[in-house]
Every structure is written in C-alpha cells, then in structure tokens.
Amino acid sequence: MTKGNINVSVENIFPLIKKFLYSDHEIFLRELISNATDATLKLKHMTTVGDSKAEYGNPIIEVKIDKEGKKLHIIDQGLGMTAEEVEKYINQVAFSGAEEFLDKYKDSAKDSGIIGHFGLGFYSAFMVAEKVEIITKSHTGEPAAHWTCDGSPEFTLEPSDKTERGTEIILHIAEDSTEFLKESRIKELLTKYNKFMPVPIKFGTKEVNVALPEDAPKDAKPEKKTVDNIINNPNPAWTKQPTDLQDEDYKSFYRELYPMQFEEPLFNIHLNVDYPFNLTGILYFPKMTNDMNMQKDKIQLYQNQVFVTDNVEGIVPEFLTMLRGVIDSPDIPLNVSRSYLQADGAVKKISSYITRKVADKLKSLFNNNREDFEAKWNDIKIVIEYGMLSEEKFFEKADAFALYPTVDGKYYTYEELFNKIKANQTDKDDKLVILYASNTDAQHSYIEAAKAKGYEVLLLDSPIVSHLIQKLESTKENISFARVDGDHIDNLINKEETKISKLTDEQKTELETVLKDTIPSEKFMVQLEAMDSNASPFIITQPEFMRRMKEMQQTGGGGMFGMGNMPEMYNLVVNTNSDLVGEILNTKTKKKQERLINQSLDLARLSQGLLKGEELTNFVKRSYELLK
Ligand code: ADP
Ligand code: MG
C-alpha cells in the first residue's frame with residue numbers, strides 16, 4: 001500500500017472547493033461523465049491507430065445509485081489507469097494552476113459564475129462526496145489500482161482485484177448532498193448535461209415489448225424484456241453533415257431538444273465550420289411573437305457534446321438569442337466573465353460568423369422560394385428587424401431580403417418599393433415619401449384616402465418599427481416615412497397643385513375665430529386647408545415626429561431618456577372647401593354653430609378612435625336627437 005500527500009500547494013483546498021463551487025455543485029456529475037467519456041474515446045483512438053491491443057467492443061458508461069450504501073457509482077469501460085498513472089494524473093497534475101486561479105479570482109469568483117463553468121474536473125467530486133474511491137484497471141492489462149481519499153490532502157493507493165478494463169468512481173455522498181442519491185435528481189442532471197454525449201450512458205433498466213412473430217395469434221400478449229436504459233443520443237443531428245440530413249431529421253431533432261414544444265420550427269440553419277475556429281450547431285427559427293424577452297434563452301451551448309449553458313449572451317448576437325437550437329464549440333472560453341467574453345477576439349469572430357450564416361440562409365430562402373418566405377415573414381420579421389437595428393453588418397445584408405408588406409398583402413424589397421413609388425410619391429423637396437399604416441382597422445379611412453390617389457401604403461406593425469424607420473431614414477438617402485394619419489394625404493405627398501380656396505382671407509380669419517371659441521386649444525391645433533370639396537370637413541391627424549417620439553419612448557432606447565411624458569396633441573385639419581364648413585361659417589345662431597362644430601369634431605375623433613367613455617355616450621345621444 002502506498003500512502004502519501006496529494007501534491008497541492010494550498011493546504012485546505014477541499015473546503016475551498018466546496019465553498020466556491022457551491023452555487024453550481026451539480027456539475028460534478030458532468031465532470032465525471034466527461035472524464036469517463038474521454039477515457040473511452042482515448043481508447044477508441046488508441047485501438048484504431050494500433051497503440052492498444054484491447055478489444056474496444058461497444059463500451060458504455062453506467063451511473064448507479066446505491067441508496068443504502070449512500071454511494072454513487074460512475075463506471076466506464078475506457079482505457080483505465082495503472083497505479084503509476086493514478087499517481088501522475090490524479091495526485092499531481094490535477095491541481096496545477098488551481099492555486100493561481102483561486103488566488104486571482106478569490107473576490108470575483110462567487111458572483112461572476114466563473115467557477116461554474118471552470119472545469120475543475122475530477123476534484124469537483126468533493127463538492128458532494130465526503131470520500132471518493134477510484135478503482136481502475138488499465139487496458140494494458142497491468143494490475144488494477146484502488147485509490148481512496150476522504151477529502152483531506154491524504155490519500156491511499158493499493159492494489160485491487162478488479163478484472164474488467166476501465167474505471168469505477170465511487171462517491172460516498174456527503175450528509176448535505178443526499179439529493180444526489182435520488183433517482184429523479186440524477187435523471188434530471190443526466191438529461192440536462194449529458195443528453196447528447198458521444199458514449200452511451202446507462203442509468204438503470206427499462207421494460208420493453210418484444211416484437212411478436214408474424215404468425216402470432218391476435219390476442220397474444222407481447223412478452224416483456226428488460227434492457228439497459230440509455231439516456232443519451234450519442235449522435236445528435238448537429239454532429240452530422242448537412243448533406244446527410246433531411247428536413248424531417250432536423251424537425252425530429254427539434255422535438256428532441258424541446259419535447260414540450262408542439263409547434264414546428266419555420267426553418268433551420270446548420271452551422272459547420274472548422275477554421276479559424278471550430279463550431280457546429282443547428283439554429284431554428286421558431287414562430288415569433290412580438291414579445292422579445294419571452295423567447296430568449298432557448299439556445300443551448302455545448303462543448304464537445306457536453307451541455308454547458310443555455311445563456312449564450314455574448315456569444316450569439318443579441319438579436320439571435322430569440323432563435324432556438326444548439327451551438328457546439330470547444331473554442332469558446334467559458335472560464336471568464338461574460339463582459340470579458342464580449343471583448344474576446346475569437347468570440348467576436350464566432351458571433352459575426354453566426355450573423356453572416358443567418359443572413360446568407362435568409363437570402364437563399366428568399367431567392368429559392370419567395371412565396372414561402374413571404375408567407376413566413378410575419379413570424380420572423382421581429383428577429384430580422386431587430387437585427388437590422390442592432391448589427392450594422394446584418395443591416396447591409398438584409399437589404400437583399402428584408403420585406404416591406406403593403407396593406408394589400410404585397411411584399412416589396414426596399415429596392416422594389418423604391419422603384420414602385422419614386423415617380424409619384426414625393427414631397428415638395430423631391431424627397432421620397434413612404435406611406436405606412438400600423439393598424440388597418442384604426443387607420444382605415446386614411447388608408448382608403450391614400451389608395452384612392454393611387455399611393456402604396458405599407459403595413460408596418462412590429463413594436464420596434466419606429467426605431468427601424470428612424471434607422472432607414474438616416475441610412476437611405478432622401479426618403480421619409482409618413483404614417484397615413486400623420487396629416488392630410490395631400491399634405492403628406494405634395495404634388496404642387498395650387499389649391500383654390502372658396503373662402504376669402506377675411507372669411508378664413510372669421511372661421512378661425514369661430515372654431516377656436518369652441519375647440520379646446522390645448523388638445524387641437526386648428527389648421528385650415530383648401531382641399532377637395534368632397535373630402536372630410538374635419539380630419540384629425542397626429543404629426544409624425546410627435547407620434548414617433550412617443551412610440552420610441554415606450555419601446556425604449558433612441559436617446560429618449562428623461563424626456564418625461566409628452567402631452568397628447570393633435571392637428572385638426574379643417575377643409576375650407578367643404579360645404580359643411582361653409583355652413584358653419586354662415587350659421588348665424590351661436591348655439592347652432594357650436595353644435596355643428598362639436599358634432600363634426602366628434603365625428604372626426606370617432607374615426608380616429610379617440611372618442612370614448614362619457615363623450616362617446618353623449619355623442620350617440622346627441623346624434624339620435626338630430627335624427628328626430
Ligand atoms: P481533465 O479532465 O481536464 O484532464 P480532470 O481533473 O477531470 O482533468 O482529470 C484528470 C486526469 O485524470 C485526466 O486527464 C485523466 O488522465 C485521468 N482520469 C480521470 N478520470 C478518468 C477515468 N474515468 N478514466 C481514465 N482516466 C481518468
Ligand atoms: Mg475532466
């Protein structure tokens with residue numbers, strides 16, 4: 001028997017491990033299964049290249065709970081260790097760099113989650129175990145070894161009678177960690193971390209039906225048999241070549257990833273690169289809702305098929321965190337804080353690669369099947385629009401596939417839209433005016449008025465659209481967006497027709513006085529306009545800039561902080577050429593004049609959806625009176 005001291009320079013490393021790793025102590029199982037996997041894959045490689053004479057076979061890893069003995073076993077059929085190797089790998093090497101690490105991060109480690117992702121490897125077993133044993137037999141056939149350590153720096157190493165190749169790790173679960181003796185808890189961990197690891201992992205057994213022979217009688221009961229319960233899929237879709245996968249394979253992998261998700265993904269993007277960094281993965285576009293925060297944190301990050309985290313912030317550009325799927329890269333340094341990660345050169349490259357891949361995929365979907373792309377637009381636009389706002393590179397690429405839908409269900413690219421409207425939708429400075437609506441019901445009459453003049457009206461209804469418009473206006477030359485109800489259509493698009501007013505200047509001044517007597521000036525800015533005589537007498541509009549400021553305030557950003565609440569302020573456009581307005585002017589009794597003005601104003605408010613509550617009730621009452 002050998003006795004000795006584990007070669008660590010920090011005397012009391014074990015209390016430190018427990019303390020520092022406490023918040024994430026469940027990762028011990030991931031670490032031990034990773035080691036078992038490494039040992040198996042190493043052996044596979046050695047037998048392939050002829051460095052081992054062992055029979056590789058079909059090795060599995062087994063996780064076993066011994067409730068009475070309060071032990072957890074992790075057993076592999078990998079390459080094993082000789083006694084010398086245990087001395088070398090377990091006793092000496094394991095802690096190199098640990099002291100330095102703990103010293104460097106002793107203040108920040110706990111809160112930044114650093115250790116949580118830091119592979120302390122084998123020794124993380126001591127987070128949950130008061131004693132750990134290793135029984136291992138090397139593939140070389142040398143005698144097996146038995147190592148024991150009770151959490152002090154002392155260990156024992158003696159021969160063992162183990163005959164099968166491989167390593168068994170036995171954890172004597174500590175009093176404060178008995179949750180890890182529960183089957184449900186271990187199952188949860190295996191599903192979370194090991195679901196796609198490359199070596200089959202057995203946890204218990206299960207009963208399955210044995211297939212009946214063809215000629216079996218109809219009422220024959222299928223026989224049961226007990227088989228290993230393998231908890232993982234060692235060959236997940238993302239590890240395969242895109243050419244080997246059908247659409248159905250991608251969909252079934254999606255169901256494997258999100259068993260509780262019943263809606264199918266819209267499409268997927270297979271990531272596959274090995275230079276200048278290594279990255280594989282599959283991203284899915286799910287149907288998006290307009291709530292951007294709801295759908296975050298669904299992408300899972302793996303390293304060599306080991307689950308690491310579902311927080312990919314800093315690795316995937318923000319706008320793509322709304323997607324789902326898997327990213328697997330051994331090149332992402334996870335032993336650093338997130339803010340450092342964002343500044344890391346390799347990670348920046350990964351992030352821009354992903355952005356480019358997503359843009360390329362969208363472009364090819366658009367080119368290959370535009371109809372289908374248009375049909376999906378409403379479900380994906382939030383990601384694309386958000387991407388256009390937040391990533392300059394993506395904005396440039398998106399020009400090729402970003403769509404601008406019209407109220408009539410047509411979809412234009414920016415270029416198509418531009419060509420369509422450049423001839424007749426300009427203002428007096430020759431600026432292109434892009435008309436849009438945000439709600440076809442609420443803005444119905446304005447949309448109709450614009451369409452009657454032959455103009456195109458876009459339907460832009462995502463929550464961030466005011467930001468996007470701002471961005472487009474500042475990027476594209478000589479354009480401006482105008483919501484259809486921003487002003488009377490003839491003011492939005494100026495064709496320089498001289499409008500002839502039926503009223504003289506004196507009459508206009510008189511009309512203005514009359515109107516201002518009745519209409520509250522803090523709510524409406526009265527504006528006289530000479531329009532077609534059959535256009536509405538009163539039209540309520542809200543100036544574009546005013547409404548946009550308000551919207552941007554609500555959706556945040558845009559430097560709108562500290563502006564306070566803007567008051568609701570509307571324009572009241574009064575058509576001086578309408579007969580009704582002429583009648584208002586000519587009515588001699590003050591009372592009747594007031595009634596005409598109020599009724600017209602209410603009708604204008606009604607068509608903007610601004611008449612509510614008591615005012616609406618009074619309006620309806622008054623209208624019935626008039627009918628009598
Ligand atoms: P790492 O896995 O990062 O090398 P660990 O602390 O997890 O660090 O493990 C230290 C070493 O112990 C491994 O590199 C390996 O050589 C050896 N080892 C651990 N577990 C096993 C195992 N199940 N079979 C064979 N060797 C093992
Ligand atoms: Mg390890």
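Even glycines carry a Cβ here, placed using N, Cα and C.
TrEMBL entries are annotated by machine, without manual review.
Taken straight from TrEMBL:
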{"type": "BINDING", "residues": "Glu31, Asn35, Asp76, Met81, Ser96, Gly97, Thr167, Arg338", "note": "ATP binding site"}
{"type": "COMPBIAS", "residues": "216-227", "note": "compositional bias 'Basic and acidic residues'"}
{"type": "REGION", "residues": "216-243", "note": "region 'Disordered'"}
{"type": "COMPBIAS", "residues": "229-243", "note": "compositional bias 'Polar residues'"}
Cβ-Cβ under 8 Å with the compositional bias 'Polar residues' (229-243): same-chain residues at least 6 beyond its ends: 60, 187, 190-191, 194-206, 249-250, 253, 256, 270-272, 280-282, 305, 326, 328
Close-lying binding-site residues around ligand 2 among Asn35, Asp76, Met81, Thr167, where CB distance stays under 6 Å: Asn35
Most crowded position, judged by CB atoms within 10 A, among Glu31, Asp76 as binding-site residues: Asp76
Proximal but sequence-remote residues of the same chain as Asn35 (ATP binding site) (Cβ under 8 Å, at least 6 apart): Gly121, Phe122, Ile169
For Met81 (ATP binding site), nearby residues of its own chain (Cβ under 8 Å, 6 or more apart in sequence): Tyr89, Ile90, Ile134, Thr136, Ser138, Ala145, Thr167
Secondary-structure category, per DSSP, in which Asn35 (ATP binding site) falls: helix
Where Met81 (ATP binding site) falls in three-state DSSP terms: coil
Thr167 (ATP binding site) - helix vs strand vs coil (DSSP): strand
For the compositional bias 'Basic and acidic residues' (216-227), the number of residues DSSP places in helix, strand and coil: 0 helix, 4 strand, 8 coil
Secondary structure composition of the compositional bias 'Polar residues' (229-243) [DSSP: H/G/I, E/B, coil]: 5 helix, 2 strand, 8 coil
